[in-house]
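What follows is a single structure, written as structure tokens, with notes after it.
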Amino acid sequence: MSFLVLDSVGRRFGALRALSDISLSVESGELRAIIGPNGAGKTTLFNLISGFFPPTEGNITFEGAPITAVNPTELVHRGIIRTFQITEIFLSLTVYENLRIAVETAMGLNLRPWISRAQRAAVAERIAELAAIVRIESKLHRVAGELSHGDQRVVEIGIVLAKSPKLLLLDEPTAGMGDEETRHMTDLIRRLNKEQHITMLFVEHDMAIVFGIADRITVLDNGKMLAEGNAAEIAANPRVQSAYLGDAGLGNAA
Amino acid sequence: MGLILLFNAFNGLIQGAFYALMALGLALILGLNNTINFAQGAFMALAAYFAFTLVPYTGFWGALIAAPLLAGVIGFAVETVLVRRLYSRKDPIYTLLLTFGLALIIQDMIRTIWGAQGKPLAIPGFLNHPLSNTYFFLTGYRLFVVAVALIGTGALFAVLRFTRIGIRIRAGNADLETISALGVNIYLLRTANFIIGIVFAGVAGILAAGQLGLNPTMGDALIMPAFVAIVVGGVGSLVGSLLGGLIIGLASGITTAFFPAASEVVIYVIMGIMLVVRPRGLLGQEGLFE
Amino acid sequence: MTMEIASARTAVAKPPAPGLISRRVLGNVALGLVLLAVPFWLPLVGGYTDLASRVLIYALAAMGLNLLLGFTGGLSFGHAAYFGLGAYGVGLMLKYETHSILLALLVGTLVGGIAATLLGPIAVRRRGIYFAMITIAIGQMFYFLAVRWNSLTGGEDGLTGFSRHPIKLPGLTVPMGSVGFFYLVLVCFGACALLLWTVLNSPLGHTFVGIRENYKRLIFLGVRTKRYLAISFAISGFVVALAGGLNALLDNFTSPNTLNYTLSGDFLIIAVLGGMRNFWGPLAGAVIFILVRDYVSSITDNWMTVIGLIFVLSVLFFPLGILGFFNRKSAS
């Protein structure tokens, strides 16, 4: 039984078909890239898996259980967590406070109108741990809104990590980043996959990253599956090449 | 009993026409200007007082046209000098408090200029007579109110559907960023929209004054039901606001027949039921994660 | 953007400051002493004790509202309803049931607070502007109830026929003259401030602030945001209801105006004027608002225009409120 299975999934918005007949399966521990030209339906796919809206056709199963029409809050509890194309963090709070909300949520403390000394210490310890994993320790007491775009994305990943996801969906994690930030993010994604054993799907435009770290690659075009395979297979696939020809070639497909 | 019920239902519908006119103006401004215009009731009173002053010179009909336009001019000033500065602030509290303060100022001005005492607004004599002896409640003025409400609403929808500015207003309601990117001057569009909303309030104010007379706080009694009409009809839908206004007017009228003391409370009960059963209202769009 | 950042800094607990006693603790102690001494210094500067009670009562209401408004991001324009319910609860209890103002206050607070607890879940079904419209409409329902239910509430003339009796404790009778009552208000204010402070520094309070900041992120962390909005709504409802009960005791009177949305507007502008992201903002706002209104209404009939101008000018020029404004200055 595969970890995540999509069976002939499609989504319509009125007359518009955003996605149709998507069937794919992701194994536990896999690092899967989703690529495709703009408007191919990558973000729509993420929205379906994360419960942002339900598919109009087909079924999705996660760890063998159907999750087709399950709401996002419940999906989070089952271990599916996502980031967004536009970074969604708590902008006017410090990084520490950002992580604290996530950690307290993960520890199920939200309803507590007070907190014991021991719990406070446990929260602080977990925050330090997360900050170390995503390497944001030096900026813990800076206000998140004042950080660089790249650092904000890192904070967002720290936030979602607090919930110990089984399946992490990253929507364009390196978009708009400089070289150094991109390297840091790429390294982080790889470490989370290898060291924390988190299964990941990520949408990415930078082919160097995709071919560099992804175990397998799914190519979408015009709302349909175009191809699937490892880096070598995708690079050699003539249909993929022609889909990208309209853009400036493979290396610069954004 | 049947006649009384009919009377109250009809009365309620007329009341509903007021609510609908108010709600339409509010909903327009809520949509494109992203502002709950608390001063809508004050503008309504202002137009009615303008009409009161104009009637001796222009007659009722002239005042019915000119006074709302005058209120529109004040609305133009308010939008360009004050409201516009707040569009960039995401938190809706600022426009809410601004227009709330404006309402206080306008009411106080009216009190200072025209006095706190209620005044009658003279309407043409022929509108005052009952149309028949059996249906004594059917005065010409009541029919006239319904007619004006119909014409006004019809004109609004025609403008929105067929004129360039109307089409842009509707497009702006759907997606302001996109039409801005297409080169439409959204500042101008929002100003125009605000003025149209105020003119609507003005017409409603004069009609109400013809029936109930003038006083500085006359708008207060209509603005709350207009809010309820928008919530019941569905936020983001002008037709919904119209329907919402008629429904709560009718409900309030019918309740008057059985349990007069509850005639105001009933509209809030309807709203509460709607929120529980169908939070987006009759014709409202579903917001993601509201 | 910079505006929000600057304002939020003051709203959140920073890492503990170096030194034995932080500046924050010192400031709070100083504030407490100033308030405790009000009956002694206020007459010297030409004030009267009842005015100070009024300031504290409005500050308490605005602080309660601000838990929802400034810290949870819920723009309620209908909290006067819970204020008024508290006021009518106290008035009716004293008129018909008891001479104990403490028991009356308890009942009034429960009446208003429970109403908020029951109605909050309906209001939080929508967000933003629509939440504001719904809260105001729910509030007006109570206003019309009070106006129409003449036999119980006295209708538009308001509810009279009750008064403050001394508080009888075992071995001690506290007179409820102006000064005695001021200290009752101060005790209530202090207790609620402590309660709100504790909540804001707990995981529950952190969740509230998270909802204000980014409810989408919280939903995708698995938090049922509506539930927490409703909790914040309820807590603020209890605090506001207590303030309303105290207000009825101060006046020995209450009327439908204590339920009306115009009073909700006053509470909102007090919070905004003082600084809604600041814990003590509503207190600062109440001092300014009540003093200005008291003074202006004594010198001109057009005081409504002045109040309206306060709304307009503070929205245009002090969006962060007075405290937020000074905090930003000292930060830069």
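Don't overthink the numbers, they just go from 1 along the chain as shown.
Any Cβ shown, glycine's included, is placed from N, Cα and C.
Residues or ranges marked as transmembrane segment by TrEMBL: B:12-31 (among others).
Annotation source TrEMBL lists transmembrane segment at B:38-55 (among others).
Annotation source TrEMBL lists transmembrane segment at B:61-82 (among others).
Residues or ranges marked as transmembrane segment by TrEMBL: B:94-114 (among others).
TrEMBL lists B:134-159 (among others) with the feature transmembrane segment. Tertiary neighbourhood of the transmembrane segment (B:134-159): same-chain residues 7, 10-11, 13-14, 17-18, 20-21, 24, 123, 126-128, 165-166, 196, 200, 203, 207, 210-211, 238, 242, selected by CB-CB distance under 8 Å and a gap of 6+ residues from either end.
Residues annotated as transmembrane segment in TrEMBL: B:194-214 (among others).
The feature transmembrane segment is assigned by TrEMBL to B:226-251 (among others). Sequence-distant contacts of the transmembrane segment (B:226-251), counting only residues of its own chain at least 6 positions beyond either end whose CB sits under 8 Å from a CB of the stretch, comprise 9, 12-24, 26-28, 30-31, 36, 40, 153, 156-157, 160, 173, 266-268, 270-271, 274-275, 280-285.
TrEMBL lists B:257-277 (among others) with the feature transmembrane segment.
Taking residue pairs at least 6 apart in sequence, the transmembrane segment (B:61-82) and the transmembrane segment (B:12-31) share fewer than three C-beta contacts under 8 angstroms. Long-range contacts of the transmembrane segment (B:94-114) within the same chain, counting only residues at least 6 positions beyond its ends with a Cβ under 8 Å from a Cβ of the stretch, are 33-43, 45-46, 49, 52, 78, 82-83, 86, 214, 216-217, 219. Beyond its flanks by at least six residues, the transmembrane segment (B:38-55) meets 22, 25-26, 29, 62-64, 66-68, 70-71, 74-75, 78, 96, 99-100, 102-103, 106-107, 110, 113-114, 119, 121-122, 197-198, 201-206, 208-209, 214-220, 222-223, 226 of its own chain at Cβ-Cβ distances under 8 Å.
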